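Here the structure is laid out as structure tokens; the discussion comes afterwards.
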Amino acid sequence: MAKVSFIGLGIMGTGMVGNLVKAGHDVTVWNRTAAKLKEIEKIGAKTVSDPADLLKDADFFMYCLADDAAIKDVITGGHNLAAKVKPGTIAIDLSTIDPQTSDEERVIYEKNRVAFLDAPVFGTKGEARDGGLWIVIGGDETVFNKSLSVLKPISETTHYMGKSGNGAKMKLVGNLLVASQIVSIGEALSLAKNAGLDLRKVLEVAAVADFKTPIYAGVGAGVIKGDYEVNFPLKLMLKDARLIQAFAKRFNSPVTIASTTEELAKEGVDAGLGELNASAIVKVISKRAGVDLVE
Ligand code: NAP
């Protein structure tokens, strides 16, 4: 059993904490919105009202925060927790952020003799709840191996990607693939509808043919019911589309899908859809196509 300090009771962090507690770890949590702390106490986590209180005697300091701004507010600036963690602790950032921000974290932790892993996750609300995430990790391999006791309870698989920052990079590469599938299923269903095809039959084909993916199946099933219940909010997809472009620009590597995704996601967020699921990109596409995809 390890002493785990955790920050971030969002869609993902809440599920992660549940599985760390279930695995028998001694978990203490802080969240910016204090109301969420009451709920997490019910499942056996301890809570603190001041994040500095998390850092006294943790073996692992884990966090899953919204974006780079949150990391800057809590970890590298603002509360500045990276500079306050006690030496010997292992810090693990599970958020999706710019690899450059991840590198800034590493530098501060190194100065403080704290080991650091960038460990963003694939999967969404259900996988977080069920301990079935797919985690991509950068950092020292010995530290990665020492951290398996806290990574395994929240994941189906862990993928050691190499040096620090490689987890953050892999996450953006993977989210480019996710974005491309959401945009393509939106365009394909809109075209099919305009062309008079039965969308249930279209999805039957998409479920078995050599282009099938769980995203086509999941997003497709949702949009024909008009179900955009949030797992991965559209506002975070917009953030990721921007991160992918900034990241790719450093290598002059084309990511046309990310710029298309940004344009569509921004239109959705501006229309008030930001708290809906990222599949609301399909809503934006179908509106442009002049079709209603609900069957
Ligand atoms: P979320 O539900 O929006 O939760 C975000 C968390 O960050 C909340 O605990 C929030 O605190 C906290 N936060 C945001 N800004 C903050 C700030 N300035 N200071 C302190 N705390 C702050 O997001 P999520 O869906 O759990 O996602 C968390 C991370 O995982 C993101 O980087 C996301 O891209 C990534 N991710 C998400 C999914 C998904 O399907 N949802 C999948 C893979 C990866 P409050 O409670 O006070 O708002």
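Just so you know, the numbers here start at 1 and follow the chain as drawn.
Every residue gets a Cβ built from N, Cα and C, even glycine.
Annotated in TrEMBL:
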type     : residues : note
DOMAIN   : 3-162    : domain '6-phosphogluconate dehydrogenase NADP-binding'
DOMAIN   : 165-285  : domain '3-hydroxyisobutyrate dehydrogenase-like NAD-binding'
ACT_SITE : Lys171   : active site
- Message: DSSP secondary structure for Lys171 (active site), reduced to helix/strand/coil, please.
- Response: helix
- Note on the structure: For the domain '3-hydroxyisobutyrate dehydrogenase-like NAD-binding' (165-285), the DSSP helix/strand/coil residue counts are 88 helix, 2 strand, 31 coil
- Check the domain '3-hydroxyisobutyrate dehydrogenase-like NAD-binding' (165-285) for me and report the mean pLDDT. 98
